[in-house]
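Below is one structure, written out as C-alpha cells; the observations come after it.
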Amino acid sequence: MTRLYLQDVTLRDGMHAIAHRYTADQVRTIAAALDAAGIAAIEVAHGDGLAGSSVNYGHGAASDADWIAAAAEVLTTARLTTLLVPGIGTIADLRAARELGVTSVRIATHCTEADISAQHISWARENGMDVSGFLMMSHMNDPAGLAAQAKLMESYGAHCVYVTDSGGRLLMSDVAERVDAYRQVLEPETQIGIHAHHNLSLGVANSVIAVEHGRILGDGPLGAPAGRTVRVDASLAGQGAGAGNAPLEVFVAVAELHGWEHGCDVFALMDAAEDLVRPLQDRPVRVDRETLSLGYAGVYSSFLRHAERAAERYGVDVRSILIELGRRRMVGGQEDMIVDVALDLAGREKT
C-alpha cells in the first residue's frame, strides 16, 4: 500500500492569496476543519515563513504567534508545523514557535543554497522536531544538482527533502527526473516530498508523478512495492500563491482512485474548501493570463500580487513584468526588484 503524508498549506502558502490577512479566528476555524477531515499536518505562518511580516513581503493581519496559538488550540490529531526561511526567520523564532506547540518545521532555501540551512535543520533535529528541507524554485537546478542539495539537507538532519516547484514551472517529466535523482542519493529512511503550484494546471498531476516515483526505493522500477512514504503539499481550494497549490480536495479524490492510503475524508475537505476558504479570496485563485505567465516564465509564485500592484501603478502589462522577472532569473527575496522592472518597462514604452 502506498502511504501518503498529506500536509496542508492553506494557512501558510495560502496567506499569499489574501495578502497575509487571515484573522486568528479564521485560522482556528480552518485548522479545526482540516484536523477533523484527517489531514496529517497543518502548516501555519506568514506566507514567507516565520518573521515574514515586513514591508518587503507584506504585513500580516496577525502575528505568527497569534496564528500558531489559534491553530494549536483546536488540533487533536494533526501535526502543527511551520516554515522558516534562513535570513528571514531565526532559530529564536523557531524556538518560540516550538514553545507554542509546533512540532514540525520545513527549512526553505533557494534550490542552490542548501548550505545556509545547516544550523536551522540541525537545531530542529537536536530539539526533537520533525524537520524537512525545502528546496525552492526547483526548476532552476538540474536533477543531479538538486539531488546534491537534497543530500546536504539530509546530512544536516532532515527527515524529508522536498522538490519545491515555487514557480509552477515543472513539467511532469521534470518532476519525475528530480524525484528519481533524489531516490539515487537519499537514504531509504529519508522521505521525499512534493510541493506543487498550479500555474500550468499541473499541480495535481505533478503530485501524482512524485508519488509514483518517490514511493519506490533506490533503483526499483515503477510499480514495484512501495517502500517509502511520500509527503504531498496541497491546500483547500488550491489557496496559495499564483494559481495556487495542488487543490487538496482534488488530490485526495485522485489518491482515492489510485487506492493510496491518505486517511482523509474527501467530502469534509470539499466542504471546507467551498464554505470556509473560497469565500475569502478577493482575487480568484485560478489559472488566468497573469498566473499562467508565472508558470510560463518560471517566476516565484508569490511575486504575483506585488507585480499586479506595480503594473497598475506604473501603467505596464503585468505579464511583461513577470516575463522580464523570469528572464532576469529573479528569486524569492528579490521582491524589491519588481518595482525596478516595472519602471524599466515603463521607461522603454515612453521612448
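Placed from the backbone N, Cα and C atoms, the Cβ positions cover glycine too.
Swiss-Prot annotates Arg12, Asp13, His195, Tyr300 as substrate-binding residues; of Ser53, Ser166, Ser173, the candidate listed for that same site is Ser166. Between Arg12 (site 'Transition state stabilizer') and His195 (Mn(2+) binding site), the C-alpha separation comes to 13 Å. Around His16 (active site, proton acceptor), a 10 Å sphere centred on its CB holds 26 further CB atoms from the protein chains shown. Same-chain residues with CB within 8 A of the center of the Asp13, His195, His197 CB atoms, the Mn(2+) site residues themselves not counted, are Val9, Thr164, Asp165, Ser166, Gly168, Ala196, Asp233, Ser235, Gly240, Ala241, Asn245, Ala246, Ser301. In this structure, His16 (active site, proton acceptor) is part of a helix by DSSP. Between the C-alpha atoms of His16 (active site, proton acceptor) and His197 (Mn(2+) binding site), the distance comes to 13 Å.
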